[in-house]
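Taken from TrEMBL as is:
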type     : residues           : note
DOMAIN   : B:17-132           : domain 'Acyl-coenzyme A oxidase N-terminal'
DOMAIN   : B:134-236          : domain 'Acyl-CoA oxidase/dehydrogenase middle'
BINDING  : B:THR138, B:GLY177 : FAD binding site
DOMAIN   : B:278-438          : domain 'Acyl-CoA oxidase C-alpha1'
ACT_SITE : B:GLU423           : active site, proton acceptor
DOMAIN   : B:457-633          : domain 'Acyl-CoA oxidase C-terminal'
Protein chains: 2
Amino acid sequence: MEGVDHLADERNKAQFDVEEMKIVWAGSRHAFEVSDRISRLVASDPAFRKDNRTMLGRKELFKNTLRKAAHAWKRIIELRLSEEEASRLRFYVDEPAFTDLHWGMFVPAIKGQGTEEQQQKWVPLAYKMQIIGCYAQTELGHGSNVQGLETTATFDPQMDEFIIHSPTLTSSKWWPGGLGKVSTHAVVYARLITDGRDHGVHGFIVQLRSLDDHLPLPGITVGDIGMKFGNGAYNTMDNGVLRFDHVRIPRNQMLMRVSQVTREGKYMQSNVPRQLVYGTMVYVRQTIVADASNALSRAVCIATRYSAVRRQFGSQNGIETQVIDYKTQQARLFPLLASAYAFRFVGEWLKWLYMDVTQRLQANDFSTLPEAHACTAGLKSLTTSATADGIEECRKLCGGHGYLCSSGLPELFAVYVPACTYEGDNIVLLLQVARHLMKTLVQYRSNVLKAEDWLKPNVILEAFEARAARMSVACAQSLSKIDNPEEGFQELSADLVEAAAAHCQLIIVSKFIEKLQQDIPGKGVKQQLEILCNVYALFLLHKHLGDFISTGCITPKQASLANDQLRSLYSQVRLNAIALVDAFNYTDHFLGSVLGRYDGNVYPKLYEEAWKDPLNDSVVPDGYHEYVLPMLKQQLRSARL
Amino acid sequence: MEGVDHLADERNKAQFDVEEMKIVWAGSRHAFEVSDRISRLVASDPAFRKDNRTMLGRKELFKNTLRKAAHAWKRIIELRLSEEEASRLRFYVDEPAFTDLHWGMFVPAIKGQGTEEQQQKWVPLAYKMQIIGCYAQTELGHGSNVQGLETTATFDPQMDEFIIHSPTLTSSKWWPGGLGKVSTHAVVYARLITDGRDHGVHGFIVQLRSLDDHLPLPGITVGDIGMKFGNGAYNTMDNGVLRFDHVRIPRNQMLMRVSQVTREGKYMQSNVPRQLVYGTMVYVRQTIVADASNALSRAVCIATRYSAVRRQFGSQNGIETQVIDYKTQQARLFPLLASAYAFRFVGEWLKWLYMDVTQRLQANDFSTLPEAHACTAGLKSLTTSATADGIEECRKLCGGHGYLCSSGLPELFAVYVPACTYEGDNIVLLLQVARHLMKTLVQYRSNVLKAEDWLKPNVILEAFEARAARMSVACAQSLSKIDNPEEGFQELSADLVEAAAAHCQLIIVSKFIEKLQQDIPGKGVKQQLEILCNVYALFLLHKHLGDFISTGCITPKQASLANDQLRSLYSQVRLNAIALVDAFNYTDHFLGSVLGRYDGNVYPKLYEEAWKDPLNDSVVPDGYHEYVLPMLKQQLRSARL
C-alpha cells in the first residue's frame with residue numbers, strides 16, 4: 001500500500017489550481033518558496049523527529065529539546081540562513097523552546113527599549129547566542145495587571161547600582177519561558193525606586209546564571225514551575241520561577257531608551273515617544289493572529305483529510321459513506337476551513353497595519369495608533385479563542401481516534417491554547433475594544449429578498465456593519481442611563497464584550513471581502529475564496545442570529561434564506577475540501593498526525609504507531625507479579641502494596 | 001499561614017444552610033453519608049496519593065495504577081464494603097483503571113446478555129476477580145456503527161466451537177479499556193456465522209491470557225494502543241488493540257440470553273425481548289449524565305474558589321479587586337455553576353426513569369422505551385458537550401495558572417472529554433433525538449412584560465416549550481418539501497440537531513423546575529436553587545437568542561428584559577458562590593487542585609508544588625554540557641548532536 005495516494009480521487013475533484021492557491025496562502029511567491037524549501041529541510045532531517053515526543057518523561061523531553069535547539073542553530077550557521085529563513089526553520093521544527101523567547105522577546109525588548117549604546121553592547125552577544133535571554137515580566141500574583149508588579153529595582157546612588165529584590169512570595173517571577181533552566185540573562189520588569197519614590201514598572205537586563213558553570217548567581221533562586229497541559233506540548237519549555245534577594249546590577253543595565261536614571265539618581269523621561277511601547281504590542285499581537293491561522297489550518301487539514309478517509313454507516317453497495325459527506329460533519333468542519341483562510345487574510349492586513357503605524361510613529365504621527373491598538377487587541381482575542389475551540393472541534397470531528405496522541409491533535413491543542421491567555425486575556429482585550437468603540441453610530445436595514453442575495457459582498461458587509469453599530473449603540477444607550485460611567489462600564493461589561501466581538505467579526509469579514517477585490521490569478525482560485533468568504537460570513541450570521549435579528553438588521557425570513565444559502569455553499573466546498581487543505585502545503589512531519597497523512601493511508605499506520613508505546617516493550621506489564629497476580633490468585637491479604 | 005481559612009469571609013456571606021444543600025446535592029442523607037465517609041477514607045490513605053501523577057512516564061504511571069487498583073480491592077475486602085461503598089471508593093480514587101471496565105461493562109454484559117447458566121458460571125469468578133474482563137466492541141475502522149463490525153465468530157459444528165477471527169486490519173479490536181495489558185477475558189462482539197449465513201453482531205466470552213503466566217493465548221495478538229490526550233489522565237488505562245487468528249472457544253461461550261446457536265448450528269431467537277439491550281443503553285447513559293455533573297462541579301469548584309482568591313486590577317485602598325467581582329467573570333462562571341446543579345437534577349430524574357423503564361420491561365410494557373431512549377441519548381449528548389466546554393472555560397477563568405497541571409484542570413479536561421465521543425457521538429445522538437421528535441406540534445407566544453416576569457417558572461417553561469416545538473415544526477415543514485424523506489433528513493440534519501438540542505434543553509429546565517416544586521428543607525436552600533434555575537434558563541435563552549426570537553417565541557424587548565434579569569441574578573449568586581461549591585463536599589484530595597484548595601491558601605502551595613518537578617532535581621539541567629555550553633561558547637561546529 002506504500003506509495004498509493006488514497007486521496008487521489010478527492011484531489012481529482014478539485015475545481016481550481018492548487019499550486020496558485022498555495023501562493024495565495026503563503027502571501028507571496030517568495031514566501032511560498034522559502035517556506036516550502038525550509039519545511040522540507042526540517043522534515044528530511046532525522047534530528048528533528050518529533051513522533052516520540054508525547055511518550056517521553058519530562059527530563060528526557062527537555063534534554064531532547066536542548067539537543068534540537070542546538071542542532072537547529074548549528075544548521076542555521078552552517079547553511080548561512082537569512083533571518084527570515086532561520087525564523088521559518090524554528091517554525092517548522094515545531095517545538096516550543098527557550099530560543100522562542102530569546103529571539104522573540106529578549107532581543108526585541110533590548111532593540112525596542114535599549115539606548116543605542118545598550119544595543120551595541122547586548123545585541124551582538126545575543127545574536128551570536130553568547131548569552132541566552134528571556135523576558136521576565138509576569139509574577140506569581142500578577143499576570144494581566146502589569147502595573148501591579150511587585151518586584152523592586154531600588155537605585156543605590158553610592159554604588160551606582162540597582163538592587164533587584166522580590167519583597168513577597170507573590171512577587172516571584174512566574175511563567176517566563178526559557179527562564180527555568182536555560183537563560184543566562186533576562187529582561188526583568190520591576191518597580192523603579194529612586195530616593196524613596198516609586199516610578200512604576202521598568203525593564204532591566206539582569207544576568208541570572210554564570211557563563212562558566214551555569215549556576216545561579218548569588219541572591220538568585222530559579223527553577224522550573226512544573227508540568228503544564230498535555231503530553232509533549234509546552235513541557236519542552238522551561239517556564240520558570242525566579243526570586244531575587246537584593247541582587248545588584250550596574251545602573252547602565254536599566255533599559256533607558258524612554259526613561260532614564262542619572263548618576264545622581266534623578267529620574268528623567270527622554271524625548272523618545274512612550275507610544276513606541278504600544279507599537280511593540282501591535283507587532284506581537286499581529287504575529288499571534290498569523291499564528292492562529294497556522295494552528296487552525298493544521299487542525300483543519302488533519303480533520304478534513306481523515307473525514308475523507310473515514311467511513312461510517314450508510315452502507316450502500318457494501319461500502320460505508322465517507323464521513324465528509326455527512327451534512328452535520330460539513331456544517332462543523334467547513335466553517336473552520338473558511339475561518340483558517342479568513343484569519344490568514346486579516347493577519348496579512350494586520351501586518352500591513354503594523355508597518356503603516358510604525359512608519360507614522362517614526363514621523364511622530366500618533367493618529368492611527370489607538371485604532372490599530374484596539375484592532376489588534378480585538379483580533380488577537382477573537383482569532384485565538386476561535387482557533388483553540390476550532391482545534392478541539394477538529395479533534396472531536398475525528399471521532400475516538402482524535403483522542404490518541406498519534407493524531408497530533410491533543411498536542412496541537414495543548415500547545416496552542418495558552419494563546420487565549422498570554423499577551424492579554426481575551427475578555428480583558430475585548431473590553432479594551434469596547435472602550436474604544438463607545439463612539440460612532442449608524443442606522444440601517446437589510447434588503448435581502450432571496451437566498452442568492454446573501455452571496456453579494458455589500459449585502460453581507462452591510463448586515464455586519466449594522467449589527468456591530470447597533471450593538472454599540474445599545475450599549476452606549478444603556479451606559480448613558482447609569483450615572484457613574486466607570487460603574488456602568490463594569491455593570492454592562494458582558495454586553496460590551498459582545499459588541500466588541502461583533503466589531504471584530506466585521507473587520508475579519510470586511511478584510512476577507514477586500515482581499516477578493518484584489519487581482520488573484522490561477523484557475524478557479526478566486527471563486528473558491530469567494531465561497532469560503534461567504535461560508536465564513538453566513539456561519540457567523542447563523543451563530544449570532546440573536547444579535548442580527550434582535551437589532552432589526554435582518555428578519556427571521558432573511559435568516560432562514562441565509563441558512564439555505566449556507567447549506568448550498570457547503571456542497572460546493574465539499575468537492576474542493578481536500579485541495580483546499582493541500583494548499584496549506586504542510587509536510588507530514590509538520591502536521592505530525594497519522595490521521596492527517598497526505599496519502600490518507602491511515603489505518604495501517606495507526607496500527608504500526610500503537611506498538612511503539614513503552615507499555616508494549618514487554619508482553620506482561622511491569623507490576624503484574626506484584627499487583628495483578630495476587631488479585632487473581634486471591635492472595636491480596638498478604639500482599640505488600 | 002497553615003490552618004488559616006482564607007475564604008472564611010466568603011463563607012460568612014452565605015445566605016443558606018450549606019449542610020442541607022450538601023444533602024440536596026448528594027441526593028439523600030444516606031448518599032451523603034456514604035460519599036462523605038468514603039471520600040475521607042480515600043483522601044487519608046497515602047496509597048491513593050495522586051499529586052505526582054502528571055509527572056510520571058507511561059510505564060511508571062501504569063504500574064502505579066495497578067498498585068492502586070490492588071490496594072483498593074484489598075481495602076474493599078478488608079473493610080467488607082458494600083457494592084455501593086466499593087463503587088464510591090473507586091469513584092474517589094479518581095483514576096481511570098481496568099477495574100472500571102471489569103465492573104462497569106464486563107460484569108453487566110454477562111448479567112444482561114448471559115443465560116442463567118452462564119451467569120452462574122462466570123459472575124462469581126468475576127465478582128472475586130479470579131478473572132478480569134473487558135468489553136471488546138469497537139474496531140480500528142468501526143466505532144459508532146456497531147452493525148458494521150468485521151470480526152467473525154464462525155460456528156464449527158464438528159468441534160461444537162466458534163472460531164473467532166479478525167479478517168482485516170480494520171477489524172482489529174481497538175480502544176477497549178483494560179484490554180491492552182491486564183484483562184484475562186473479554187466479551188468480544190463479532191458477526192455470528194453459521195452454515196455460511198451472517199446473523200449480525202453477537203457477544204462472546206473469550207479468554208485472552210493465561211491465568212498462570214499472563215501470556216496471550218495462541219492466536220491472540222494484544223497490546224496497548226499508545227498515549228492519549230493529556231498528562232496522567234487516561235494514560236493510566238490500557239486501552240488495547242486485539243487481533244484473532246482463528247481462535248476457538250466452546251459454543252457455550254456465546255452470550256445466549258436473547259439468541260442462541262444449537263448443537264446442530266441452528267440460529268434461534270429466545271423469547272426474551274430484544275428491547276432489553278436498549279434498557280442497558282439507558283442505564284449506561286444515565287450514569288454518563290450523572291458523571292457530567294460530577295466533572296463540571298469539580299471544575300466549577302476550583303474556578304470559583306480561585307476567583308475569590310485571585311485579585312487583579314481595580315486597586316482601591318491599595319488592594320486589588322477579587323476576580324469574582326468582575327461582571328465578565330460572573331457571566332462566564334455562574335452559568336456553569338447553575339449548569340452543574342441543573343445536570344445533577346436531570347441526572348436524578350434519569351435514574352428514576354431508568355428504574356421505571358426497567359420495571360415496565362419486566363412486565364412486557366415497552367411503551368415508554370422509545371421516549372426514554374431518545375431522552376437519555378439527547379441528554380448524554382448535551383450534558384457531556386456542555387461539561388467538556390465548561391471545564392475548559394473554568395481553566396481559562398483561572399488565567400495562566402489554570403494551564404499548570406497542579407491546577408488539576410488540564411487533567412480533568414483530558415480525562416473527561418472522551419465522554420463526548422464514547423457511547424454514541426454527540427451529534428449522532430442528537431440526530432436520533434431528532435428522528436423521535438418529528439411528530440408532535442404546538443402554538444404559543446410569550447407574555448413577558450417586565451424583567452421580573454422572567455423569574456416565573458411557567459413563563460420560562462412556556463418559552464422553552466414554544467421554542468423547542470417551533471423548531472421541530474419548522475424542520476418538519478422543510479422535510480415535507482423534500483420527496484425522499486431519508487435524503488431530506490440528511491440534507492437538513494444540521495437544523496435537526498439544533499431542534500433536538502432545544503428539546504433536550506427544555507427537558508433539563510423543566511426537570512430543574514420540577515425539583516423546585518418538591519419540599520426542600522434547610523434555611524435558604526430552596527431560594528438558592530431557584531436563583532440557579534433562573535440563571536441556567538436565562539443563560540440558555542441568551543445563548544440561543546436567535547432561536548427564541550426568530551421563532552417568534554419572544555420579542556427583542558423581552559430578550560433585553562431577560563438579560564437585565566440575568567445581570568441582577570448574577571449579583572445574588574455572587575454572595576453565595578463559595579458556599580454553593582462547598583456544598584459539593586469535595587475533599588482537597590479529590591479536587592486535586594492547588595487553585596481549588598478549600599482554605600484558599602493558593603500561592604504558597606503553588607510555589608511549593610513547582611519544586612517537585614523532575615527538572616528541578618538538579619540545578620544545571622541534563623543536556624547543558626552537551627548542547628547549551630557549546631552554543632554559548634561558539635563551539636557548535638564541532639559538536640555531535
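Even glycines carry a Cβ here, placed using N, Cα and C.
Features recorded in TrEMBL, as mapped to the structure shown.
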residue	record	DSSP (3 states)
B:THR138	FAD binding site	coil
B:GLY177	FAD binding site	coil
B:GLU423	active site, proton acceptor	coil
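Within 10 Å of the C-beta of B:THR138 (FAD binding site) we count 21 further C-beta atoms, all protein chains included.
Long-range Cβ neighbours of B:GLY177 (FAD binding site) (same chain, at least 6 residues apart, Cβ-Cβ under 8 Å): B:PRO96, B:PHE98, B:ASP100, B:LEU101, B:CYS134, B:TYR135, B:MET237, B:ASP238, B:ASN239, B:GLY240. Each residue contributes its Cα atom, and for B:THR138 (FAD binding site) and the residue listed as 'active site, proton acceptor' these two points are 10 Å apart. The Cβ of B:GLU423 (active site, proton acceptor) has 18 neighbouring Cβ atoms from other residues within 10 Å, across all protein chains displayed. According to DSSP, the secondary structure content of the domain 'Acyl-coenzyme A oxidase N-terminal' (B:17-132) in residues is 90 helix, 0 strand, 26 coil.
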